[in-house]
Amino acid sequence: MKLQLAAVATLAVLTSPAFGRVLPDGKYVKIPFTKKKNGDNGELSKRSNGHEKFVLANEQSFYSVELAIGTPSQNLTVLLDTGSADLWVPGKGNPYCGSVMDCDQYGVFDKTKSSTFKANKSSPFYAAYGDGTYAEGAFGQDKLKYNELDLSGLSFAVANESNSTFGVLGIGLSTLEVTYSGKVAIMDKRSYEYDNFPLFLKHSGAIDATAYSLFLNDESQSSGSILFGAVDHSKYEGQLYTIPLVNLYKSQGYQHPVAFDVTLQGLGLQTDKRNITLTTTKLPALLDSGTTLTYLPSQAVALLAKSLNASYSKTLGYYEYTCPSSDNKTSVAFDFGGFRINAPLSDFTMQTSVGTCVLAIIPQAGNATAILGDSFLRNAYVVYDLDNYEISLAQAKYGTGKENVEVIKSTVPSAIRAPSYNNTWSNYASATSGGNIFTTVRTFNGTSTATTTRSTTTKKTNSTTTAKSTHKSKRALQRAATNSASSIRSTLGLLLVPSLLILSVFFS
């Protein structure tokens, strides 16, 4: 989920078991999570206008943790999001609750029932996201715990009005905080940063470095983990490579990167018989756990579609092609400048209710930033280094046994700079064919990165109906928001129903 920059497509819930903890001797915080499939959320209601819908339902997911807030404590489930930086929770008395959506599923915070809540009336809160959801309220403080981890003193907002059924625990860079780059900060001409969750962990002594590693695990598995302040070497194979974040908003006065944008240096396709380089045009790409699917500039998607003999369907709004067989080993190769992350084509393929397949990589028009969501991220082990404005990546390794955790002190242990570390994106350009990304791949032993052997069974979508959203989205006036989500929203209908966001294409 990214503030105004990225459309979020979320459906299933990844919940955190009760054994996430701080390890005093190792100084890191481990938050395991489990996956809850979309079918567990119940049936969707019928659209008010009766139109049928084509729904991509199987891959939607988000990560959540349960927090205990106040005295006595009230339990709330919030989205864990790398694409934003603030913690906010739904407040009691939200006008959307009841008649429009069920607010009790993930909990609401009633500040009047907490004897320890302290409001900060001088710090209003407003956040708007690319999917049309928003939250409005004010900051405050209270007793706050995640399992045995005491977070009291961490500032959070209570949203008196929101069209989202759940709150958000943003763990992005502090420059994404609404107090720094949000609507209120801009209008009041007073911007400041505060210790959000990652910074709070560091400054409270729970971790040594403001960094965390993300392991989504294979889609067929029901668990994964996030380590704050550490790396688990058992969760990846080959070399862990480091690349710098790129500052897309330097011209707007930002001295440092605002979000987790990196340089995608090329895109390719690997089959049993050959390697195909699609483009070596440099593209800025956001690594965002709050976005389920992957979004690429329209020219790049067209090149990929052409290599698959896919044709664009105006009816569906997607590229359509013959469904690959269950034993198809084709993978999409993402080049980051001297190393690749490979992802099975099946992760970007969805089967329709009528038996055809579509390419579930969403094209974006104009000068658009690529968004590498969960369909990409589950194939990578990703370390977000907020202190050094860097990302470290390696091919994810599944089915590992014993953990091999190493604390991050100042830099990511065992990671080395990518061969093209300094060859970063600088200007928007249309993706064109040419080049060869397969001659530059390196690993610690000098061989090509191994393509993961994963199931390529195509995900199947459900033909279902859903309620029509009746709310107009509010827009945040962020300085960082040069890329709107309008191109995404013109391709997909993003509809908010109780606790669910559905990606859908309308049939006439």
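Even glycines carry a Cβ here, placed using N, Cα and C.
As annotated by Swiss-Prot, signal peptide applies to 1-20, with the evidence given as sequence analysis.
As annotated by Swiss-Prot, domain 'Peptidase A1' applies to 63-394, with the evidence given as sequence analysis.
Taking a C-beta cut-off of under 8 Å and a sequence gap of six or more, Asn75 (N-linked glycosylation site) has these contacts in its own chain: Glu66, Leu67, Ala68, Ile69, Gly107. According to Swiss-Prot, the feature N-linked glycosylation site maps to Asn75 (among others), an assignment based on sequence analysis.
Around Asp81 (active site), a 10 Å sphere centred on its CB holds 27 further CB atoms from the protein chains shown. The active site feature in Swiss-Prot is assigned to Asp81 (among others).
Listed in sequence order, Ala138, Phe139, Gly140, Gln141, Ser155 are the same-chain residues six or more apart from Asn120 (N-linked glycosylation site) with CB atoms under 8 A from its CB. Sequence annotations record features per position, and here Swiss-Prot assigns N-linked glycosylation site to Asn120 (among others) based on sequence analysis.
Marked as N-linked glycosylation site by Swiss-Prot on the basis of sequence analysis: Asn160 (among others). Of all Cβ atoms in the protein chains displayed, 17 besides its own lie within 10 Å of the Cβ of Asn160 (N-linked glycosylation site). The secondary structure of Asn160 (N-linked glycosylation site), as reduced to three states from DSSP, is extended strand.
Annotation comment: Swiss-Prot describes Asn163 (among others) as N-linked glycosylation site, evidence class sequence analysis.
Per Swiss-Prot, the feature N-linked glycosylation site maps to Asn275 (among others). The secondary structure of Asn275 (N-linked glycosylation site), as reduced to three states from DSSP, is extended strand.
The feature active site is assigned by Swiss-Prot to Asp288 (among others), with sequence analysis given as support. The Cβ neighbour count for Asp288 (active site), using a 10 Å radius and every protein chain shown, is 28.
Listed in sequence order, Tyr321, Thr322 are the same-chain residues six or more apart from Asn309 (N-linked glycosylation site) with CB atoms under 8 A from its CB. The annotation N-linked glycosylation site is assigned in Swiss-Prot to Asn309 (among others) on the grounds of sequence analysis.
Look at Asn328 (N-linked glycosylation site): DSSP puts it in coil. If you look up Swiss-Prot, you'll see Asn328 (among others) marked as N-linked glycosylation site, on the strength of sequence analysis.
Under DSSP, Asn367 (N-linked glycosylation site) is assigned to coil, being neither helix nor strand in the three-state scheme. Taken from Swiss-Prot, the feature N-linked glycosylation site covers Asn367 (among others).
Cβ environment of Asn422 (N-linked glycosylation site): Pro244 lie under 8 Å away, each six or more residues apart in the same chain. Per Swiss-Prot, the feature N-linked glycosylation site maps to Asn422 (among others).
If you look up Swiss-Prot, you'll see Asn445 (among others) marked as N-linked glycosylation site.
Among the features that Swiss-Prot reports, region 'Disordered' is placed at 448-476.
Annotated compositional bias 'Low complexity' per Swiss-Prot: 448-468, in sequence order.
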Separation of alpha carbons, Asp288 (active site) and Asn328 (N-linked glycosylation site) (Å): 28
Number of Cβ atoms other than its own within 10 Å, given for Asn275 (N-linked glycosylation site): 15
Cβ-based isolation winner (fewest other Cβ atoms within 10 Å) among the glycosylation sites Asn163, Asn328, Asn367: Asn367
Across the domain 'Peptidase A1' (63-394), average pLDDT on the 0 to 100 scale: 92
Closest of Asp81, Asn275, Asp288, Asn367 to Asn160 (N-linked glycosylation site), Cα positions, recorded positions only: Asp81
Asn367 (N-linked glycosylation site) versus Asn163 (N-linked glycosylation site) - Cα distance in angstrom: 29
